[in-house]
């Protein structure tokens, strides 16, 4: 447990900028496990707070003012596409040739798709996905997790019940760590700081550590109120493109992609959260998955 917490706290990436959503896909195929890239970021950073662009396969191209010397300079394309000029010297986004992607430095750059195929890097994956645009295969193809594909064992019912215990505790600890280190870093808003301050100053708070699930379960019962805000906060961190009260597959990716290799119940957990099977996870579904009572689910806590 300690290993995956450390990994998540060290994750880094590039910018999340996807203005359109992608629903949760059907994930019936067998997928496999991996080791993910670790980069230098502030200790305590949430993987969805740092900028993670590896997972935005739903982003649209955005056009800005064309610079005369280089029309492509301010013409941004989504992952898998590059800017080229047409016969009128107008910039346009075209699919990137996978062979033009930088050579991977090591295994940590590899990614696994949901059809269980390993790609040398996210660049290779998105370039390949782009060439399949408009096809059924391309629509279903997603980046599943970071690292080369490996066998991921089935998630047993008993293991599934343990997953939210660890996840809840981790969310609380991430917030406390951000609060402790947030002097001039603007890691939290003032409203968020006020909420977390109460948790931080509570003497009954279970300190971060590799605790047995029995202790985590007891702590949730005894200190239930400490967990309400962290669960809402994480939903807000994920619900960004667009901010609509629902989590799509693309919005979940920054959290689930690094988790899957280390927590094999990740995919099944998020699937069970989607109670109405509409391929999106609403706030009430998300909070319910973490054991938050219906009366305590409040959209105003998503700040």
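Quick reminder: no glycine exception, Cβ is built from N, Cα and C everywhere.
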(request) Look up 88, 116 in Swiss-Prot and give me whichever carries the note N-linked glycosylation site. (result) 116
(message) Long-range neighbours only, meaning 6 or more apart in sequence with Cβ under 8 Å: which ones does residue 72 (disulfide bond) have?
(response) 83, 84, 85, 91
(request) Name the one residue among 95, 101, 130, 273 whose Cα is closest in three-dimensional space to that of residue 265 (disulfide bond); these are the disulfide-bonded residues. (result) 273
(message) So, three-state DSSP: helix, strand or coil for residue 280 (Ca(2+) binding site)?
(response) coil
(message) For the C-alpha pair, I'd like the distance in angstrom between residue 280 (Ca(2+) binding site) and residue 273 (disulfide bond), rounded off.
(response) 9
